[in-house]
């Protein structure tokens, strides 16, 4: 009777238990599901069947009520779920509530409140600086080592993995153009990122200190912040990226709770500049994560960015985001920024992998500088789990369709 | 029996009828209200009392259902309301449903989906350019005349008029500082703007052409996009404003429907550069608005920015916002950007009014470069209405309180 007996080594075993929202056409409206191997457990129905008090948080069409319930509830629910899927006495009750992943439709797992995107990889920021400002004395802007640079993106165009991405059109102007031209982007790119999902809100005027970030952040997911480099290059001075990013941001269908990633916590890289007290994480618990990301185009792996190399942590990003008194809402999402490691094959964007198109990638189906119509981009990742296991992150995938 | 007989010349007479959301402590939960003079009509209760089919759109704690109903419904509801408040037979029924403004609490009138801020005043953009890049050949960036520059702001910190604004803290670094310093902003500023409220959503990949903007935009309101100039100056390269803006954006409690502003429509300034077809409004109906804004600090008027001088219109902003395929949601809000006219007393920010602090304003209570704790900023405005009337916009006011 699968899938309680998930194969040894499955990255979605009972040590993981990420949350999503699924439906079954014609049979089941949207409701919270928990992934176990290649099955989904109807979590609300399971809670009801077992008389659990968490049914009210789980028998919902979105994760938001669970997100809003706060860290104690998150831990309690996770403990309960772990018991349900591991205690043999529950098998008969729960077996009918486990559905093969292939039979369900997965949805955006939570209602996104505000979406913020950071720029936290030093390797990425230096690569971008070298590409666009080759003559600058320093490839980083003067503020980069003092604060985690971020900006707001479009929450309404965050889509779930599997959603097609329509190639955006817009204005672009290369140095040779006498005036801007309009048309489909010719430099459509990937940004391989990790997104953090806020559960517990905060009050205006009350910054979240570094040590409290886990009280607010429920979990994380892979995120592809699709970027039209040509649109972005023309529009972004002086107020930052807008249409070059706002057409789509893809997130995984599965949110991995931070509690599943205890064994993946790691110290961030050594800080090369002294930090202001609200960002100084010298004496805090490590809030970096050892996530091994893989970026594939049409099934061919082009890069393996290591999240452990990120200079700024999710804790620092949350402390910065709120230090001016800005409040948090349940469902706020913030992206890490493109994850790029120091090696060439660790870069999280085609901009970097092809050095702005100069060095095309050789794929089995031809050369690539930027994405072509029909290309399918898939991000996947795993993290070290307890006892040598791997914790899988839900993949985020999307196909580029013509403008 | 006031207030049906609103005094002649009242800018909130039956020709106006803006929408808001009010409650009466201990008596009435949040519900949609319509302003008439210095009273509020409980619109949902009125609809029920008169057997109107619009009760379902109006007896709600937010404007979102009305916003989502679309232009035909907007016009129908407005026609019905106009009849209710002008036909004498309804007076007896409606009198108990009119409450003095002074007796109600006003709330954020709609749930903000995404918030975008533009930069559409040529005078403002040129002033900013002259202040920060005095040696540049052109005070505008090369893209300015080709597209309405915009960026996403924080929807979760949009607050209703009357909400106190806590002075934000953050990093700043003046040229003389060897390293960034942290503390309350010392350059807290006003940005006098007009916000546009989206009702009808749009599909991904389907841009909204210029001619369709009124199908999507329900109405407008005054908006103060509070800005911490010192935080913004240090953080904004290369990804734009973030914490310098995200602590608070104040909007009026009253949303004026576009239908109330037919007599205020005006052609925008002559275009000095040819525009790409999706932005070319040469042969479209005028989508500029003649709104006469007033900016007061502690009751003292410091500026009167004329909205009619805005180079980019709300129609162009919506066409641009969606041209990359980004979809709209009910409750999306976009700000015009700071409104500044050509004259010194027409500038919509203290940055411009004091020329970045060089020329302090003389107020009755002392000099001002930027805002001090305790200062109350109030934006108000009117527009030409039918038959020589004035259409008042709801004011937006806020007091600065210490960090």
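Note that Cβ sites are derived from N, Cα and C of the backbone, with glycine treated the same way.
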B:245, B:249 bind Mg(2+) in TrEMBL, but which of B:212, B:225, B:280, B:281 does that record place at the same site?
B:225
According to TrEMBL, B:119, B:133, B:232, B:236 bind substrate; identify which of B:338, B:354, B:369, B:378 is listed for that same site.
B:338
Given TrEMBL annotates B:191, B:193, B:225 as Ca(2+)-binding, which of B:114, B:117, B:332 belongs to that site as well?
B:117
Listed in sequence order, which of the binding-site residues B:191, B:225, B:245 sit with a CB under 8 A of chain A?
none
Could you put numbers on the helix, strand and coil content of the domain 'Fumarylacetoacetase N-terminal' (B:15-109), residue by residue per DSSP?
45 helix, 25 strand, 25 coil
Tell me, how many other CB atoms lie within 10 A of the CB of residue B:117 (Ca(2+) binding site), whichever protein chain they belong to?
28
Using the structure shown, find which entry in B:124, B:133, B:245 (the recorded positions) has the sparsest Cβ neighbourhood within 10 Å.
B:133
Recorded positions B:124, B:133, B:232, B:236, B:245: which have a Cα within 10 Å of residue B:193 (Ca(2+) binding site)?
none
Cα within 10 Å of residue B:124 (active site, proton acceptor) is the criterion; apply it to the binding-site residues B:117, B:133, B:232, B:236, B:245, B:338 and give the hits in sequence order.
B:338
Which one of these binding-site residues has the most other Cβ atoms within 10 Å of its own Cβ: B:191, B:193, B:225?
B:193
Look up residue B:124 (active site, proton acceptor) in the DSSP assignment and reduce it to helix, strand or coil.
helix
Between the binding-site residues B:117, B:191, B:225, B:245, B:249, which lies closest to residue B:236 (substrate binding site), Cα to Cα?
B:245
Find the shortest Cα-Cα separation between residue B:338 (substrate binding site) and the binding-site residues B:117, B:191, B:249, and name the residue that gives it.
B:191
